[in-house]
Amino acid sequence: MYNPVDAVLTKIITNYGIDSFTLRYAICLLGSFPLNAILKRIPEKRIGLKCCFIISMSMFYLFGVLNLVSGFRTLFISTMFTYLISRFYRSKFMPHLNFMFVMGHLAINHIHAQFLNEQTQTTVDITSSQMVLAMKLTSFAWSYYDGSCTSESDFKDLTEHQKSRAVRGHPPLLKFLAYAFFYSTLLTGPSFDYADFDSWLNCEMFRDLPESKKPMRRHHPGERRQIPKNGKLALWKVVQGLAWMILSTLGMKHFPVKYVLDKDGFPTRSFIFRIHYLFLLGFIHRFKYYAAWTISEGSCILCGLGYNGYDSKTQKIRWDRVRNIDIWTVETAQNTREMLEAWNMNTNKWLKYSVYLRVTKKGKKPGFRSTLFTFLTSAFWHGTRPGYYLTFATGALYQTCGKIYRRNFRPIFLREDGVTPLPSKKIYDLVGIYAIKLAFGYMVQPFIILDLKPSLMVWGSVYFYVHIIVAFSFFLFRGPYAKQVTEFFKSKQPKEIFIRKQKKLEKDISASSPNLGGILKAKIEHEKGKTAEEEEMNLGIPPIELEKWDNAKEDWEDFCKDYKEWRNKNGLEIEEENLSKAFERFKQEFSNAASGSGERVRKMSFSGYSPKPISKKEE
């Protein structure tokens, strides 16, 4: 089928020698800015018109600019599955089944892209868009389940985050398609929750903004637009993104990846040169992500989706709702956790709220099961190439190693209160930043190269030095001499020295005054209770905490017990009945629409739908 837009772009690519992938993606990323200038001026109450505009522009991107008919089919299949199963399947397993289908569909396309799809200069892979969509669809299923399929008593037990993201009624099909195919984030993200999208679409998120901050309508005197002006900030994001894009192109030209694969050239250079060359490769490879995420964030800011509240004290507007990268923190982070929290931030949130906390049994803290599922989901979501798994597995070990060093070294450079830094902490911070950059430059090489043998060859060219350091650290702090090593570092920590002196003093007082000793004993017991840290997910790459993996057997026994209990309650038969009812509801709604007037068809597609809470029988 003839595509006039593709024909023009192909001619430009041929005549000027421009890279097809770069040109088409640049048009989609930068083209969203003039489109958003139009979108934000559509009257607030014309929700249907906004949705039609969003979907139309996405279709123009997919069919016209990218020439991805099969790509649209891929995205549409996942989107409609989530829409239909969440609308008709009333079961506590609905979010789980949706997650399995969406991630399974993504896995099939990852495998197809790796083994069967022949990439040419005129084709663009759709899996990156599907990765963004997978986050949207799986989080929507959980949000809808929380808001519409739980009883009032169960809703009260949800966390504040779950309550704030809960979707009370099933959205109209048009609005859901606009959410799934939002053109500004279609290709590179960031992902965002349906609750945020709906609040933006209805302009409810701007309710806290003073009227004086809302611009006047040019053609309607006396009326104000809900979305505040933000053109300068959006333009600044574009400038930053273009700068990162240029730096990425120049960097890859002067520091090519193929040089580290040169068996005759790269290994002959000094070890110091090699480890710093790997650092530069990792640094330059991040530029393209900085470019894409910064530009897409600017696009979301321009249309108003990036609005995150008004600060009445500073009288400034926050525009970081969909922020996906904190570049400064990534490049100056003093520890692994800090760096990972600032990288791909919305994916981190998705892993935490849609995987890590969801697989945790109610009433228990996250443990082995949560860590394992999050690790596998994070790696599998990226793809099936061996390089991803090498990077994630090494990263997990390195993050654990980093926590060990931070726990033992950092307190040495803090005063007795454990907070105020000593003058020498600046040296600790600089060494930490330098070590993290070198380590990440080493770890991300398989992520860049992707294939197994070349990745191992590059690591071998620097003698697997990060792996050796990690292994030695585990031996030192987890091996037979762990107690002595830990005790040595504690003896150098000002806070620990102060605590030991304090305890000795309290012990002496307790011996001389029994009554006062009882009070001091109660105080010590109280402080022990306060030191227990809340179980938190390590964003990005879950660490391999060996002591926490000891409860794997307990988790497995709990799972077997739950499954046996579910089976004894005829769980399989109940779910078969739920699926049958879902199909009957589906047929009933469409048969009613087909036999009714055009208004009934319109109502089916454009009105909300909210089922009753799931009954005990349906569970």
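Numbers run from 1 along the shown chain.
From the backbone N, Cα and C atoms, a Cβ is placed for every residue, glycine too.
DSSP classifies Asp146 (active site, nucleophile) as helix under the three-state reduction. Annotation source Swiss-Prot lists active site, nucleophile at Asp146 (among others).
Under the heading active site, nucleophile, Swiss-Prot lists Glu297 (among others). In the three-state DSSP scheme, Glu297 (active site, nucleophile) is classed as helix. Packing around Glu297 (active site, nucleophile) is summarised by its Cβ count: 29 other Cβ atoms lie within 10 angstroms of its Cβ, all protein chains included.
His382 (active site) falls within a helix when secondary structure is assigned with DSSP. Residues or ranges marked as active site by Swiss-Prot on the basis of a curator's inference: His382.
What Swiss-Prot records for 545-593 is coiled coil, and it gives sequence analysis as the kind of evidence. Averaged across the coiled coil (545-593), the predicted model reaches a pLDDT of 66.
Sequence annotations record features per position, and here Swiss-Prot assigns phosphoserine to Ser513 (among others).
Under the heading phosphoserine, Swiss-Prot lists Ser605 (among others), citing a large-scale study or a structure entry as support.
As annotated by Swiss-Prot, phosphoserine applies to Ser610 (among others).
Positions annotated as phosphoserine by Swiss-Prot, on the basis of a large-scale study or a structure entry: Ser615 (among others).
The annotation topological domain 'Lumenal' is assigned in Swiss-Prot to 1-19 (among others) on the grounds of a curator's inference.
What Swiss-Prot lists as topological domain 'Cytoplasmic' is 40-51 (among others). Within its own chain, the topological domain 'Cytoplasmic' (40-51) has Cβ neighbours under 8 Å at 174-175, 177-178, 201-203, 225-227, 302-304, 606, counting only residues six or more beyond its boundaries.
Summarising the annotation, Swiss-Prot assigns topological domain 'Lumenal' to 73-92 (among others) and lists a curator's inference as the type of evidence.
Shown for the topological domain 'Cytoplasmic' (114-231): DSSP residue counts in helix, strand and coil, namely 62 helix, 3 strand, 53 coil. The topological domain 'Cytoplasmic' annotation in Swiss-Prot covers 114-231 (among others).
Here the topological domain 'Lumenal' (253-274) has Cβ contacts under 8 Å with residues 280-281, 284, 445, 448-449, 454, 457-458, 461-463 of the same chain, all six or more residues outside its ends. The topological domain 'Lumenal' feature in Swiss-Prot is assigned to 253-274 (among others).
The feature topological domain 'Cytoplasmic' is assigned by Swiss-Prot to 296-429 (among others), with a curator's inference given as support.
The topological domain 'Lumenal' annotation in Swiss-Prot covers 451-456 (among others) and rests on a curator's inference. Residues in the topological domain 'Lumenal' (451-456) partition by DSSP class (helix H, G, I; strand E, B; coil) as 5 helix, 0 strand, 1 coil.
The topological domain 'Cytoplasmic' annotation in Swiss-Prot covers 478-619 (among others).
Here the transmembrane segment (93-113) has Cβ contacts under 8 Å with residues 74, 77-78, 81-82, 85-86, 125-127, 130-131, 133-134, 137-138, 141-142, 145, 149, 354, 358, 377, 380-381, 383-384, 575 of the same chain, all six or more residues outside its ends. Among the stretches 20-39, 52-72, 430-450, 457-477, the one making the largest number of Cβ pairs under 8 Å with the transmembrane segment (275-295) is 430-450. For His382 (active site), the count of additional Cβ atoms within 10 Å of its Cβ stands at 18 [all protein chains shown]. Between the transmembrane segment (20-39) and the stretches 52-72, 232-252, 430-450, 457-477, the greatest number of Cβ pairs separated by less than 8 Å involves 52-72. Across the structure, Asp146 (active site, nucleophile) and Glu297 (active site, nucleophile) are spaced 28 Å apart at their Cα atoms. Outside the topological domain 'Lumenal' (451-456) by six or more residues, the chain places 261, 385-387, 390, 445 with a CB less than 8 A from a CB of the stretch.
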